[in-house]
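For reference, TrEMBL has these:
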type    : residues                                                   : note
BINDING : PHE24, GLY26, GLY28, GLU68, ILE252, GLY256, ASP296, GLU302 : Ca(2+) 1 binding site
BINDING : THR297                                                     : Ca(2+) 2 binding site
Amino acid sequence: MATLSVPDQLPPVAEDCDRLHSAFQGWGTDEGAIVSILAHRNAKQRSLIRQTYAETYGEDLLKALDKELSSDFERAVLLWTFHPAERDALLANEAIRKLKHFVVLEIACTRTPRDLLLVKEEYHARFKRSIEEDVAHYTTGDFRRLLVPLVTAYRYGGPEVNATLATSEAKILHDKITEKAYNDEELIRIISTRSKAQLNATFNHYNDQFGNAISKDLKTDPNDNYLKLLRSAIKCLTWSEKYFEKVLRLAIKGLGTDEEALTRVVVTRAEVDMKRIAEEYYRRNSVPLGQAIKGDTSGDYESMLLALIGKESN
């Protein structure tokens with residue numbers, strides 16, 4: 001879990017709402033007050049703030065924020081203020097329509113079974129369609145064959161492992177990969193239905209039996225986008241902090257910053273596993289994540305992201 005430096009004694013929610021409302025008054029918006037309040041409240045507290053703000057001022061807090069803020073800072077604050085399931089439903093819908101398959105896969109494979117179920121329920125309520133039918137509608141071919149089962153899944157979330165099954169399914173996976181049958185229904189069945197603990201055991205057996213990590217055997221064509229998606233699914237399901245570290249690294253490094261990816265990862269993982277992601281980022285890049293973000297962003301957007309990863313801006 002990330003450390004969101006929340007004070008021991010939080011102000012009453014009414015005080016938070018009053019300070020937020022005051023931040024919107026006058027000639028300019030007090031962005032610092034918005035960061036100091038919302039970035040230090042957990043999901044339950046933010047939900048209560050939204051409810052109380054609407055009851056007190058007759059306006060949805062999200063609409064008030066939308067009117068007052070702009071650009072990357074606005075997107076970060078709005079996404080953070082949503083309930084996590086609501087946020088993921090919105091991100092999934094946006095990604096599905098824009099054919100951003102990796103974002104759909106990220107949501108399907110890194111959330112807990114219960115959290116993914118809540119996302120699908122929120123998707124139903126908001127869009128009057130299922131996430132499964134939208135993925136099926138907007139994707140084709142191998143991408144559809146993989147993504148529909150992944151978003152449909154309700155995996156077992158416990159730690160139990162069947163070693164015999166892990167051995168036999170490691171062989172199935174190896175046989176299909178050797179045949180280059182990467183879209184085979186048995187391969188997809190295993191990856192899209194087995195628990196994360198079971199998949200870890202299966203992939204360990206694969207490595208032990210056949211001498212290579214499964215991801216390495218799936219790199220036969222580095223430019224094949226379906227194989228990239230398949231490798232990402234495996235990484236998300238078994239070592240999500242490595243997946244998110246790479247997303248952050250690619251978002252920050254290079255000629256321009258991918259603010260959309262940077263915002264998405266920081267906002268969605270701040271209350272989940274940001275500490276582990278930051279540790280992995282430092283291990284891989286020898287630069288603290290906060291320093292990397294500070295070097296690539298500025299202003300209120302920078303302050304918001306740093307607050308969410310627990311590294312306040314100076």
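Numbers run from 1 along the shown chain.
The backbone N, Cα and C atoms fix where each Cβ goes, and this holds for glycine too.
The Cβ neighbour count for the residue listed as 'Ca(2+) 2 binding site', using a 10 Å radius and every protein chain shown, is 23. Counting every protein chain shown, the number of other Cβ atoms lying within 10 Å of the Cβ of GLY26 (Ca(2+) 1 binding site) is 8. Note: the CA-CA distance between GLY28 (Ca(2+) 1 binding site) and the residue listed as 'Ca(2+) 2 binding site' rounds to 22 Å. Its own atom aside, the Cβ of ASP296 (Ca(2+) 1 binding site) has 18 Cβ atoms within 10 angstroms in the protein chains shown. Just so you know, the Cβ of PHE24 (Ca(2+) 1 binding site) picks up 19 other Cβ atoms within 10 Å once every protein chain is counted.
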